[in-house]
Amino acid sequence: MSAKIKADEISTIIKERIENFDLSVDVEETGKVISVADGVANVYGLKNVMAGEMVEFESGEKGMALNLEESSVGIVILGKTSGITEGSSVKRLKKLLRVPVGDALIGRVVNSLGEPIDAKGPIEATESRFVEEKAKGIMARKSVHEPLQTGIKAIDALVPIGRGQRELIIGDRQTGKTTVAIDTIINQKGQDVICIYVAIGQKQSTVAQVVKKLEEYGAMDYTIVVNAGASDAAALQYLAPYAGVTMGEYFRDNSRHALIIYDDLSKHAVAYREMSLILRRPPGREAYPGDVFYLHSRLLERASKLNDALGAGSLTALPIIETQAGDVSAYIPTNVISITDGQIFLESDLFNSGIRPAINVGLSVSRVGGAAQIKAIKQVSGTLRLDLAQYRELQAFAQFASDLDESSRKQLERGQKMVEVLKQPPYSPLPVENQVVIIFAGAKGYLDDVATANVTKFEAELYPYIEAKYPEIFEQIRTKKVIDKEVEEILHKALKDFKATFAAN
């Protein structure tokens, strides 16, 4: 029996097929590499590529379109150039650069693209953000009013930093800039502040040392390290701080507090200059491109203290700048000084004479941190800056004049004692209540008859003594944040008692 062909059935099937026929063709826009050198590829054919768009080379390496010219596109290569040759194809990815953000990154060392480089397995981040974000506007912000304690006496007393501030750390090489930053990170333990350390153009051994120090003090539990080493492509060094600040903004926008350190922006500017010159952009002063100010301003403006409606989170930035032979008037240092809310100036002369941290108190300033300083430390350090300035003046005078009158001699001696008080070994940040006690002791003359050489010993023995005999002093300063009459009386009594036992020893 022959099968009957039903014409209507066939026509129904054909109609269905026609209706469901999908003619969507996936069109990929590709280009060809014209030339490649020094981490930059010139590509022909990517007609509709956007500025800052990600592209992928045949070798699998990613790139970023930075120069859009009439006949070609200048693309910086984010990785190795070895597999990229003239004539190899490049395809658009139709997206801008994003990096992973969130708690999954804490405790990890990542590169500028947020990829792990610490051999601890993949990062399970659930969210990513654009690396280039617009800084928050005026209405979204609130003025800086909460302190960010660094644990360094000279800074917390004289150049206080507030949450949401941008404070520059500036000085020659080997003056302890990174140490100040690392101390600040170590001091955030238990303060609920997430720290991000961005290493730009550093030796890998230096970064490894920093990570080791942070692990040693248990600080990696709340720290992310972003590393673009000296051997990495200039494009990766250029992107590193933006990747770091994007990770920090995530915490700020979720009502949390973050601290970011850029170590250092001088090398960042050099990497950008290298990239710009290879892209044949016109050079300006010191051969930096014309937009090098904008390079740093758009980065540092992203640090802020948000208003209560947006969750009151904060992102504090401590950029580092390396000067050449103390020249603060060079192009990049002046740029960054004008962008930030103050600077901590470190001097090699002070460092070499044994005053460490080598902070020049006269040149260092915090433009907004005063509002964030706790009242107790304000009370004890009120006259400190002036005293130290007068001491420096007298010191210069005393070198030539042999006979000083009694009051000048006393002032000179007290100045020496205060300089000793402000000295501090690296990686040993002090709680704010301890700082208040020792500066109070110096300001009220309790160190006047202690030999300068014994000031460090006096300080080292004072804290355990108060902790054992007068624990309420530390407790009250910690909770009240002010030295009232009651606290002052106990403090005087404690210091007198301690002086008696110290003198006996």
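Each residue, glycine too, has its Cβ placed from N, Cα and C.
These come from Swiss-Prot:
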type	residues	note
BINDING	Gly171, Asp172, Arg173, Gln174, Thr175, Gly176, Lys177, Thr178	ATP binding site
SITE	Ser364	site 'Required for activity'
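What Swiss-Prot annotates, mapped onto the structure for a quick look.
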{"residue": "Gly171", "record": "ATP binding site", "DSSP (3 states)": "strand"}
{"residue": "Gly176", "record": "ATP binding site", "DSSP (3 states)": "coil"}
{"residue": "Ser364", "record": "site 'Required for activity'", "DSSP (3 states)": "coil"}
Residue, out of the binding-site residues Gly171, Gly176, whose Cβ gathers the largest set of other Cβ atoms within 10 Å: Gly171
Lowest local Cβ density among Arg173, Lys177, which the record lists as binding-site residues, within 10 Å: Arg173
Cα-Cα distance linking Ser364 (site 'Required for activity') and Thr175 (ATP binding site), given in Å to the nearest integer: 15
Entry from the recorded positions list Gln174, Thr175, Thr178, Ser364 having the most other CB atoms no farther than 10 A: Thr175
Rounded distance in angstrom between the Cα atoms of Thr178 (ATP binding site) and Ser364 (site 'Required for activity'): 17
Integer Cα-Cα distance in angstrom, Ser364 (site 'Required for activity') to Gly176 (ATP binding site): 15
For Asp172 (ATP binding site), nearby residues of its own chain (Cβ under 8 Å, 6 or more apart in sequence): Glu322, Thr323, Gln324, Ala325, Gly326, Leu346, Glu347, Ser348
